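> First, the structure itself, so that you have it in front of you.
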Amino acid sequence: TYYTPEYQTKDTDILAAFRMTPQPGVPAEEAGAAVAAESSTGTWTTVWTDGLTSLDRYKGRCYDIEPVAGEENQYIAYVAYPLDLFEEGSVTNMLTSIVGNVFGFKALRALRLEDLRIPPAYSKTFIGPPHGIQVERDKLNKYGRPLLGCTIKPKLGLSAKNYGRAVYECLRGGLDFTKDDENVNSQPFMRWRDRFLFVAEALFKAQAETGEIKGHYLNATAGTCEEMMKRAVFARELGAPIVMHDYLTGGFTANTSLAYYCRDNGLLLHIHRAMHAVIDRQRNHGIHFRVLAKALRMSGGDHIHAGTVVGKLEGEREVTLGFVDLLRDDYIEKDRSRGIYFTQDWVSMPGVLPVASGGIHVWHMPALTEIFGDDSVLQFGGGTLGHPWGNAPGAVANRVASEACVQALNEGLR
């Protein structure tokens with residue numbers, strides 16, 4: 001009863017595209033029905049309480065199955081979920097339902113969630129990015145070019161004072177942002193409060209000398225939500241413009257709580273995707289990053305790391321640009337060549353700035369400005385701090401290269 005090819009999807013349905021590999025001997029229709037059942041109202045047997053509700057109203061429906069070209073025994077199963085199955089404004093509940101139990105199902109050898117269509121009726125119940133791209137540009141007074149960042153290295157082991165010195169040199173050299181590495185929380189060699197204080201001093205000194213607004217992504221991620229909020233509050237009291245969160249290791253509930261605080265208190269929110277490859281790297285099993293990106297846009301974040309296409313971390317060009325559009329744009333058409341299975345309408349939800357980071361350096365600048373355009377953050381860690389003349393010259397090199405590439409694009413020279 002969960003495989004219903006005659007079903008006409010509604011504008012209010014959440015639609016999911018699963019790449020499924022059934023066990024040998026299990027028909028695709030049976031596997032698709034099992035996915036729809038286990039991720040909605042079904043269980044392993046008929047229960048007498050089924051008669052106390054309207055399963056027809058609440059069940060997920062597998063409404064289409066198509067074989068994957070070039071793959072043996074692999075199918076895309078399309079499942080529609082009625083909106084009443086989900087709590088409003090909760091990414092946690094949405095993912096618990098759709099990907100909670102079904103991935104361990106015996107009838108399947110592998111299962112991957114490739115895409116979700118979030119209807120406006122549901123997306124409008126979420127906070128979304130605390131500020132969004134345009135508000136961030138207005139806050140920073142920076143327009144017409146990608147923003148430049150740098151992750152402070154070595155990621156672990158620096159004292160707070162030396163860390164602050166590196167921040168100052170990079171910002172003084174021309175970068176817009178510096179960043180805590182995702183590993184940096186509050187360790188014995190550098191407690192969070194000391195780091196925040198030295199970084200704030202570096203920020204204000206660099207701002208005074210350059211006349212530009214500067215930021216450092218102060219990582220508020222912590223072992224408890226209460227401690228995370230305490231760090232965000234201290235960052236705001238210091239006058240820092242932006243904080244950071246590891247949204248997958250920290251969790252969506254914590255992330256949305258922090259996003260609400262950031263919106264109410266004028267803080268930008270930078271999101272790191274540490275742990276994403278555990279979930280999204282296998283081609284046949286897990287969750288594609290485009291789904292994690294959509295979930296983040298709803299949960300709340302102004303920046304998120306989105307791969308580079310050209311650096312040390314994996315990322316296919318067309319697929320990467322597909323989820324970059326899903327992060328930034330209001331309306332994204334279905335385009336299977338870019339891995340986009342459904343047309344997505346975000347209506348008025350603000351966009352998220354994609355961050356290119358990981359093994360990139362100044363020689364990648366022409367490709368990065370062409371691929372990501374103006375509305376992006378290009379982040380060079382080793383590509384700044386690895387400059388043979390030091391941190392500040394590394395920052396100068398990146399700023400000069402960025403402005404040269406933007407000028408070339410504007411003048412039609414490329």
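Every residue gets a Cβ built from N, Cα and C, even glycine.
Here Swiss-Prot flags Lys153, His272 as active site, proton acceptor, drawing on similarity to another entry. Here Swiss-Prot flags Asn101, Thr151, Lys155, Arg273, His305, Ser357 as substrate binding site. Annotation source Swiss-Prot lists Mg(2+) binding site at Lys179, Asp181, Glu182, citing sequence analysis. The N6-carboxylysine annotation in Swiss-Prot covers Lys179. Annotated site 'Transition state stabilizer' per Swiss-Prot: Lys312, in sequence order.
For the listed features, I'd like the structural context: burial, neighbours, distances.
When secondary structure is read from DSSP and collapsed to three states, Lys153 (active site, proton acceptor) falls in the coil class. For Lys153 (active site, proton acceptor), the count of additional Cβ atoms within 10 Å of its Cβ stands at 16 [all protein chains shown].
Neighbour count (other Cβ atoms within 10 Å of the Cβ, all protein chains): 28 for His272 (active site, proton acceptor). His272 (active site, proton acceptor) carries a strand DSSP state (E or B).
For the recorded site, His305 (substrate binding site), the DSSP three-state label reads strand.
When Cβ atoms from all protein chains are considered, those within 10 Å of Glu182 (Mg(2+) binding site) total 20, not counting its own.
The number of other CB atoms found within 10 A of the CB of Lys179 (Mg(2+) binding site), across every protein chain shown, is 28. In this structure, Lys179 (Mg(2+) binding site) is part of a beta strand by DSSP.
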> Which number gives the other C-beta atoms within 10 angstroms of the C-beta of Arg273 (substrate binding site), all protein chains shown included?
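I get 24 for this one.
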> How many other Cβ atoms sit within 10 Å of the Cβ of His305 (substrate binding site)?
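Result for His305 (substrate binding site): 22 neighbouring Cβ atoms inside 10 Å.
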> Would you list, in sequence order, the recorded positions among Asn101, Lys153, Ser357 whose CA lies within 10 Å of the CA of Glu182 (Mg(2+) binding site)?
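For Glu182 (Mg(2+) binding site), the recorded positions whose Cα atoms are within 10 Å come to none.
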> So which recorded positions are near Asp181 (Mg(2+) binding site), with CA atoms within 10 Å, out of Asn101, Thr151, Lys153, Arg273, His305?
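Final answer, ordered: Thr151, Lys153.
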> Of Asn101, Thr151, the binding-site residues given in the record, which has the fewest other CB atoms within 10 A of its CB?
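Ranked by other Cβ atoms within 10 Å, the binding-site residues Asn101, Thr151 bottom out at Asn101.
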